[in-house]
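Following: one structure in structure tokens, then a few remarks.
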Amino acid sequence: MPESRSMASSSRLGSASIAARTSSKLSLWHSAIQDLLQRGTWAQAMRVQRMLIRNAIGSIACAWAANTCYSTGNIFSSKSSRDQSRYELIVANVVWCGVLYAITIVLAHVPAMLTQRFISLPRRRPTILYCVKELAWGSGPWLTAAVLLMFGLGELIAWLSQSYGISKFKLEFYGIIICNHIMNTSVILTARKIYFQKTREGKDRLDRRRQKRKTPVIAIGFLMNSRVSPMPSDIVPMYISPSFWRGYVNSAISCLPVFLAGGYVQLLSQMRIAEQSSIVVACFMTLSTLAKLVLQESAKHLVIKKRIRSIRVMCILVAVPTVLIDTQARIVLLGMQDTDLAAAGIFGMAILEIFVRVGKAFVVTYSIRRRQGYVREYTKPPVQVQSPGRASRASIQQSVTDRRCSSVVTKQIGFELWRHQRQAYHTAELNADMYAEYIAIGCSASILFFYSNHPHYSLLRPLDASMSESEVAARKMSQLYKLLLQVVVEIVVDYTSIVLEITAGIEFDQIKGLGSFLAALFGTTAVINIIISAMMFLD
């Protein structure tokens, strides 16, 4: 009997402990759900995603507009793009590249100019037309010269390709990068000149430089206490714009990423990944994802190591390679014949993205909490031991306490600045990555829409050239279904990830004021992405 009672009591204790653990787990889940609902996490995630999709649609529209121009070919020809020769298409693509890049690079500088106060407009903000006119007036000669140079370069390379068969090297693309850099340099120098000579902010900045250049007059004898005389204002140098070719050479290193991007797309276009086996496609998707993650982490490490405080630099370094890599991966998924394998690839990318983003969010919040714990340990007041002493000893202790208090305040301020910067960097990375995903989907869809059945873009067509019209229509419908699946999956993935990231402690309000910059950045990135793909996929 005692043994049965002890067994019954132990079983009751075990069941009670299990019930207690279960109830504690349920209470934790309940508190987490209540925390999500009370903090408005769902609504905040919806606002973030709504703004994200709205801005991404504008960038996708830029990509489709650029592809529409490329698909027309030579507009002065009476023939359609499908009936034009390769010679005509090379020249037309080069000229379209010059025109589109000139328009894009001018419009990309407009959002920054809209925030300035121009001296000629003392009572109102500048309009978009006013900013475009100022930029075009200053850089117009260089833009025109670059377009004419590109036309001549296109004629030369088209003739060489037709006569000597060098089309596989894609020399027209690498030549236009040099010409585009002329446009880029001219617009940047013009925008800088406008800022310093025609805006109040630029004038104030020059005045601050002038104040720093004041030099004291070295006096002797009775004049030691005389006032310092500034440098005469007539010999203080005003803003002098650097020479064009010096600026061109100094910023030539910025062409290297575009060269590498073109080489990457050229390599993929020759390999025809979409027509390979499922193992090759799976390896390509895995390597693309790993390359994207490595580039993103390398960009973040570079920004932190160089102590670059500009969030815009982080957005640029993360967004540009992500758009390029994801666009090529999405083209492969849309061009695959095996629909089931393509769907598996889409869902696999989605699941991996959720895990990666949630893991990054927890790493960021863990690092913040760990550093916060160190700061709290440091800011704890020291234990004071009561011991008899003199008044001087008490004054020494008071001075030590004062110094410690000032050090504590400095530590807390430094931690808050570091936390704000860490959150801002991570939020910028997330926004750039999400923008890039949507833009990659839009760019890949537009490329396949315009060129999947084009006779001069065989690299985007299936190898089976004997497909009937019904088979071509079925293939396009399959691509449309896969495109819609990508959009729906990406929306669900982003919303789920945003909710989990906000719950983990990520603050998405850190980059509220970068809307115009992100619109300009991703619009430019989308157009450049289309330029690279349209020129590299041409036979």
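The backbone N, Cα and C atoms fix where each Cβ goes, glycine too.
What TrEMBL says about a protein is an automatic prediction, not a curated fact.
Database features (TrEMBL):
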type	residues	note
TRANSMEM	56-77	transmembrane segment
TRANSMEM	89-114	transmembrane segment
TRANSMEM	135-161	transmembrane segment
TRANSMEM	173-191	transmembrane segment
TRANSMEM	247-265	transmembrane segment
TRANSMEM	277-295	transmembrane segment
TRANSMEM	316-336	transmembrane segment
TRANSMEM	342-366	transmembrane segment
TRANSMEM	483-506	transmembrane segment
TRANSMEM	518-538	transmembrane segment
Review point. So which of 277-295, 316-336, 483-506 is most in touch with the transmembrane segment (247-265), counting Cβ pairs under 8 Å?
Key: 316-336
Study note, to complete from the structure: Among 89-114, 135-161, 277-295, 316-336, 518-538, the stretch with the most Cβ pairs under 8 Å to the transmembrane segment (483-506) is 316-336
Review point. Against which stretches of its own chain does the transmembrane segment (342-366) lie, if we need a Cβ under 8 Å and a gap of at least six residues from its ends?
Key: 281-282, 285, 289, 293, 329, 333-334, 336, 422-423, 426, 430, 482, 485-486, 489-490, 492-493, 496-497, 500-501, 504-506
**Study point:** Whether the transmembrane segment (89-114) meets the transmembrane segment (173-191): three or more C-beta pairs under 8 angstroms
**Key:** yes
Check your understanding: Is the transmembrane segment (56-77) packed against any residues at least 6 beyond its ends, judged by a Cβ distance under 8 Å, and which are they?
Key -> 84, 88-89, 91-93, 96, 99-100, 104, 435, 438-439, 442-443, 446-447, 449-451, 454, 519, 522-523, 525-527, 529-531, 534
Check your understanding: Among the recorded stretches 135-161, 173-191, 518-538, which has the greatest number of Cβ pairs closer than 8 Å to the transmembrane segment (316-336)?
Key -> 518-538
